Amino acid sequence: MQKKIFSLVVAAFFGLAFLAAWGITNASENPESITIKDIQDKKPPVVFPHKKHNSAEGQNLKCAECHHTTKEGEQPKSCASCHDKEKDDGKKIALKGNPPTSATKGMFHVECIGCHKKNKEKNANSKAPTMCNGCHKG
């Protein structure tokens, strides 16, 4: 009987230790927000509400929907690890009706605004911003 109780206590201890470690890891890997900077020309940097996009209380997007190179079970890399203005090597892309811009800046606009527009097509009440001042505040 004492062995059973001891085994249960040990199992509970390791279970709680695992859950605590998992919670700490997930908290550090899932920031509340991320400031996208160093790509703006005239507008202020964008404060991206990360948790609002990927939490169950928010949009509940899967990591790979934005971190498109992430495979199942992998920890996503930051956007800047691949999309870095310094690594653009002068590549430019033209966004509809605008002068050519850095490939990195263009990527954010195409991906983010494109997703927001799709969201609005599915849900007319969506507040997903599609205009400059919806993301560039300040």
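Every residue, even glycine, has its Cβ placed from backbone N, Cα and C.
Positions annotated as signal peptide by TrEMBL: 1-27.
Here TrEMBL flags 37-136 as domain 'Class III cytochrome C'. For the domain 'Class III cytochrome C' (37-136), DSSP puts the residue distribution at 39 helix, 7 strand, 54 coil.
Annotation source TrEMBL lists heme c 1 binding site at H50, H53, C63, C66, H67, H68, C79, C82, H83, C112, C115, H116, C132, C135. Under a cutoff of 8 A between CB atoms, and with a sequence separation of 6+ in the same chain, the neighbours of H67 (heme c 1 binding site) are P76, K77, C79.
Look at TrEMBL and you will find H136 tagged as heme c 4 binding site. Counting only residues at least six positions away in the same chain, the Cβ atoms of Q40, K43, P44, P45, V46 sit under 8 Å from the Cβ of H136 (heme c 4 binding site).
Binding residues for heme c 1 (H50, H53, C63, C66, H67, H68, C79, C82, H83, C112, C115, H116, C132, C135) extend across at most 24 Å, taking the greatest CA-CA distance.
When the binding-site residues H50, H83 are scored by other C-beta atoms within 10 Å, H83 scores highest.
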